[in-house]
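Engineer: First, the structure itself, so that you have it in front of you.
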C-alpha cells in the first residue's frame with residue numbers, strides 16, 4: 001500500500017502501455033476498464049462479483065449521486081466506498097457531462113452551470129469548485145475537473161470556446177482540489193474533432209502538471225476513425241509518466257484501437273447496458289439473445305469462460321429469461337459482459353508485457369469477425 | 001438417496017409436525033417453505049443463493065412454463081432442473097389456478113379448460129391428463145392434480161360443484177400419473193370456506209391413497225381466521241403418514257399458525273414479490289425501505305443475520321436503491337426475505353424437535369409485535 005497517488009509504467013509495446021496506478025485504496029492495473037456504477041451500484045451486479053471479475057476500480061457519476069442520495073448524505077454515511085461497500089479505488093466524473101445531457105433548463109456561464117434536476121426539478125448550481133467539493137464529499141480517489149463537452153458535430157469556434165473554458169475551469173479545479181497526496185484530480189483534454197485544438201488543450205493541461213489526464217468529448221456520435229485521429233493527435237502531447245483516461249469508451253474494438261494509441265484507462269456503460277437489453281459480448285462477437293435462433297440451443301455463451309454466466313447457462317435459458325423480462329436475464333448477461341471486458345483487459349495487459357500486442361489484437365479481432373457458432 | 005418417494009414423520013409437538021420428504025433428487029425438511037420460481041427463475045436471485053439459504057425445493061408454475069418457453073421445449077432441453085440449473089426437488093402446480101386468474105376467454109367443462117394465453121392470445125386446452133403430461137415434460141418431482149379453485153366469497157353450491165369436479169379430476173390425474181416410484185402426484189383438498197365440504201373433499205382424496213395432499217383455495221381473500229378454521233377441519237381428515245401442503249400461503253404469521261395445525265409445506269410469492277417492492281421481512285416485522293426514515297440510517301436490516309443482504313448493507317443504501325429503482329435493491333431485499341423465511345422454517349423445525357413450538361412461536365410473534373428499531 002501507498003500513501004500517495006502514483007503511476008508506474010511497467011512495459012510498452014509500440015505506443016501501447018502496461019502500467020499500474022497506485023493509491024491508498026489499491027492498485028489499478030492498466031490498461032484498465034472501469035465498470036460504471038452510476039448511482040452507487042453497478043446495475044444488476046453485486047459488487048463482490050464486480051471485484052471477482054478483476055475490476056480494480058469502478059466509476060461513480062457525480063451528477064446522479066449529487067441528486068440522489070445527495071453528496072452531503074453520502075459523506076455523513078462515510079463516503080461512497082462505505083455506502084456502496086466497495087473499499088477499492090473509485091473514480092468520479094465531474095457531473096458536467098450529465099448536467100448537459102440529462103438536466104433541464106441548464107444555463108452555462110463562466111462561473112459554472114445552473115440546472116434543474118431531471119428527477120424532481122430542484123435547482124442546482126455546479127461550479128468547478130462545487131464539483132470538486134462534491135467529489136470530495138463522495139471521497140472519490142480519482143476526481144475529474146469540471147469541463148464543457150460539446151456534442152459533435154459542432155462549429156470549430158464553438159469547440160474552441162468550450163475547450164478554452166474547460167482550461168480555465170481546470171485551473172479553478174486544481175486550486176479547489178489543492179494538495180491531497182493519496183488522491184488525484186485529472187484534467188480533461190477537449191477540442192472536439194479539431195486536432196489542433198486537441199493539441200492546444202493537451203499542452204495547456206500538461207503545463208498544469210496534473211496527476212493524470214482524461215480525454216473527453218469523444219465517442220459522442222463521431223465515426224470511430226475521427227476518435228482515433230484525435231487520439232493520434234492528443235496522446236503524444238501528454239506526459240509519458242501520467243495515466244491517460246479515455247472517457248466513456250467504448251466497444252471492445254474501440255478499446256483495442258485506443259490502447260494501441262497509448263490510452264491507459266476506460267469506462268463505458270456498454271457492457272452493463274447491453275446486459276439489460278439481451279446482448280452478450282463474447283470472444284465470438286456480440287450475440288443477441290433475443291434472437292429466436294437461441295430458443296432451443298443447449299450450448300452456453302462460451303464453454304471456455306471462467307464466468308459461470310458465460311459457461312454454465314444454456315443460450316436457451318438466457319433467451320427465455322430475456323424474452324420473459326426476468327431480472328436474472330439482466331443479471332447473467334451483465335455478469336457475462338463485464339467478465340468479457342475484464343478478460344479482454346487482462347489479455348491486453350498480458351500481450352503488452354509479452355510485446356505481442358499487435359499479434360494478440362489481430363487474433364482477438366479475428367475471433368469477433370468469425371462471429372458466433374453456427375445455429376444448432 | 002432413495003429411489004422412491006417417501007415421507008417420514010420425525011417428531012410432533014401438539015399438531016405441529018417435523019418430517020422429511022425424500023425423493024431421488026433430494027430430501028425436503030418439513031415444515032418447508034418453497035420459494036416460487038414462476039418461469040424457471042426465482043425472481044432476482046441466482047439459484048445458488050436460493051439453495052444456500054436452505055431451500056430444499058422450489059416451485060415452478062405450469063401455466064407460465066407451458067406458455068413460455070413451452071413444456072415440450074423444456075423437455076427437449078433436459079427438463080426443468082437442467083434448464084434452470086436446479087438439480088434438487090421441484091414441485092409444480094397444475095396450471096389450473098393461473099389459468100383461472102391470468103388467462104383470457106377461458107371456458108371450463110367437465111373435460112377441462114380452454115383458454116387463451118395472456119402473453120400472445122394463443123389458444124390452449126388444459127385437461128387433467130394434459131396437466132400431468134406437462135408436469136411430466138417438466139420432469140417435476142411433486143406434481144399437482146388439476147383442480148378448480150373458486151374465488152371467495154362464493155355460494156356453497158358453487159363451491160360444492162367445483163370441489164366435486166376437482167375430485168373427479170383427481171381420479172383422472174391419478175390414472176394419468178400412473179406408477180412413478182420416485183415422484184408424487186398430490187391431490188388438492190377444495191371446499192372453499194365450508195368446513196363440511198372440506199371434510200368430504202379430504203376424505204374422498206384420502207380414499208384415493210395419494211402420495212401427498214395439498215390444501216387449495218385458501219389465502220384467496222378470506223380472513224385468516226377462516227383459513228385457520230378450514231385447516232382445523234381439514235388436517236384431522238388427512239392421513240398422518242403423508243405430507244400436507246398449504247398452497248400459496250403465506251405471511252410468516254400464516255405459516256406459524258398453519259404449522260400449529262399440522263401443515264408441512266408452504267409456497268408463497270410474498271418474500272420474492274415484497275423484495276421487488278421495497279419491503280423487507282425481518283424478525284422485527286415487515287420494514288418498508290421506501291420510508292424516508294431509513295434515508296440516513298447506517299444500520300443494517302438485521303445485524304445478527306447470516307445473510308449478507310440483511311447484515312452488511314445499510315438501510316440508507318437499501319433505501320437509496322429502492323428509491324432509485326435499481327435492480328440491486330430487488331436483489332438484496334429478495335435475498336433478505338428468502339433468508340428470513342428459511343430461517344423461520346429452520347427455527348420452526350428446531351422448535352418442534354425440541355417440543356417447544358408453542359413457546360418459540362410466541363417469542364417469534366412477540367418479535368414482530370415489538371416492531372422495528374427506533375429511528376436514528
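Glycine residues also receive a Cβ, built from the backbone N, Cα and C atoms like all the rest.
Here's the feature list from TrEMBL:
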DOMAIN    A:15-366  domain 'tRNA-guanine(15) transglycosylase-like'
ACT_SITE  A:93  active site, proton acceptor
BINDING   A:93, A:94, A:95, A:96, A:97, A:147, A:190, A:217  substrate binding site
REGION    A:248-254  region 'RNA binding'
ACT_SITE  A:267  active site, nucleophile
REGION    A:272-276  region 'RNA binding'
Engineer: With a 10 Å radius around each C-beta, find which of these recorded positions (A:147, A:267) has the fewest other C-beta atoms nearby.
Structural biologist: A:267
Engineer: Round to the nearest Å and give the CA-to-CA distance linking residue A:217 (substrate binding site) with residue A:93 (active site, proton acceptor).
Structural biologist: 13
Engineer: Calculate the distance in Å between the alpha carbons (Cα) of residue A:95 (substrate binding site) and the residue listed as 'active site, nucleophile', and round it to a whole number.
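Structural biologist: That comes out at 15 Å between the alpha carbons.
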Engineer: How does the region 'RNA binding' (A:272-276) divide up by DSSP, counting helix, then strand, then coil residues?
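Structural biologist: For that range the per-state counts are 4 helix, 0 strand, 1 coil.
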Engineer: Does residue A:96 (substrate binding site) have same-chain partners at least 6 apart in sequence with Cβ under 8 Å from its own Cβ, and which are they?
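Structural biologist: When sequence neighbours closer than 6 are ignored, residue A:96 (substrate binding site) has A:113, A:126, A:131, A:146, A:147, A:148, A:149 within Cβ distance under 8 Å.
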Engineer: Once the chains shown are all counted, how many other Cβ atoms turn up within 10 Å of the Cβ of residue A:95 (substrate binding site)?
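Structural biologist: So the Cβ neighbour count for residue A:95 (substrate binding site) comes to 27.
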Engineer: For the recorded substrate site formed by A:93, A:94, A:95, A:96, A:97, A:147, A:190, A:217, which further same-chain residues have Cβ atoms within 8 Å of the site's Cβ center?
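Structural biologist: For the substrate site the neighbour list reads A:100, A:144, A:145, A:146, A:148, A:149, A:166, A:188, A:216, A:247.
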Engineer: Helix, strand or coil by DSSP: which one applies to residue A:147 (substrate binding site)?
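Structural biologist: DSSP call for residue A:147 (substrate binding site): coil, neither helix nor strand.
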Engineer: Restricting to the region 'RNA binding' (A:248-254), what is the model's mean pLDDT?
Structural biologist: 98
Engineer: Going by DSSP, is residue A:96 (substrate binding site) sitting in a helix, a strand, or coil?
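Structural biologist: In three-state terms, residue A:96 (substrate binding site) counts as helix.
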Engineer: Write out the long-range same-chain contacts of the residue listed as 'active site, proton acceptor', meaning residues 6 or more apart in sequence whose Cβ is under 8 Å from its Cβ.
Structural biologist: A:59, A:60, A:61, A:62, A:63, A:144, A:247
Engineer: Return the count of C-beta atoms lying within 10 angstroms of the C-beta of residue A:94 (substrate binding site), excluding that atom itself.
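Structural biologist: Around the Cβ of residue A:94 (substrate binding site), 30 other Cβ atoms lie within 10 Å.
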Engineer: Under the DSSP assignment, what numbers of helix, strand and coil residues are found in the region 'RNA binding' (A:248-254)?
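Structural biologist: Going through the region 'RNA binding' (A:248-254) residue by residue, I get 3 helix, 0 strand, 4 coil.
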